[in-house]
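What Swiss-Prot says about this protein:
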type: TRANSMEM; residues: 8-28; note: transmembrane segment
type: TRANSMEM; residues: 43-63; note: transmembrane segment
type: TRANSMEM; residues: 88-108; note: transmembrane segment
type: TRANSMEM; residues: 113-133; note: transmembrane segment
type: TRANSMEM; residues: 140-162; note: transmembrane segment
type: TRANSMEM; residues: 190-210; note: transmembrane segment
Amino acid sequence: MNPEWGQAFVHVAVAGGLCAVAVFTGIFDSVSVQVGYEHYAEAPVAGLPAFLAMPFNSLVNMAYTLLGLSWLHRGGAMGLGPRYLKDVFAAMALLYGPVQWLRLWTQWRRAAVLDQWLTLPIFAWPVAWCLYLDRGWRPWLFLSLECVSLASYGLALLHPQGFEVALGAHVVAAVGQALRTHRHYGSTTSATYLALGVLSCLGFVVLKLCDHQLARWRLFQCLTGHFWSKVCDVLQFHFAFLFLTHFNTHPRFHPSGGKTR
């Protein structure tokens, strides 16, 4: 294991493992989740193994892992703090792909719950990264933020749309904090990355929600809205990386008042 990113990878793997253990105890079994091929516009292909029953929707999840590996191995002129933040985010992407693939493969409620739950701390991490740019290295603040993010999934136990409410709040917080960071320290380059990231996020949401409606059009009958929503999701990951690392690799735009690790 590369020592430069090994610690971050272990932290993400352990946290994800603890979430999996919690889910498999059954504490979230009452959460409303969509399970079954009928929720996807891509029709399952007879004769293919279960893990490839919807081949395009399944294989696109490899893009998360490839993106995570790519960013884990990127270096650049970064201090220990920014490198750790980058590596945690990359490890999240790397491990998120297999979780989503497991959900498609098994069509198991608990796999769907785990997929939902792990989405929240992923959206919370850019907020933590922006706080680092503004306030410096505060690991307990970042840990507290992630714990609050994970705890917010409890809303799914209280209401059928609780997860959507929690996710919406995470998206608003991430975009709002990114806008604040750009306003204080940004450039035309960071503005481009931010705009592309927000557009990718909108594409992710709209294409996923309109999966079945879009399937009426020939363009979306083979590669469906769900497939393209995952492409947009990977792109928003990538543009978030570009936006956030821009401030660490271009000292001109780095906040002058923040303490670095």
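Glycine too: its Cβ is placed from the backbone N, Cα and C atoms.
Given the structure is predicted, the values throughout are model-derived calculations rather than measurements.
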Stretch contact, the transmembrane segment (88-108) with the transmembrane segment (43-63), Cβ-Cβ under 8 Å, 3+ pairs: yes
The transmembrane segment (8-28) vs the transmembrane segment (140-162): 3 or more CB pairs under 8 Å: yes
Outside the transmembrane segment (140-162), six or more residues from its ends: residues with CB under 8 Å to it: 15, 19, 28, 30-32, 116-117, 120-121, 123-125, 127-128, 131-132, 169-170
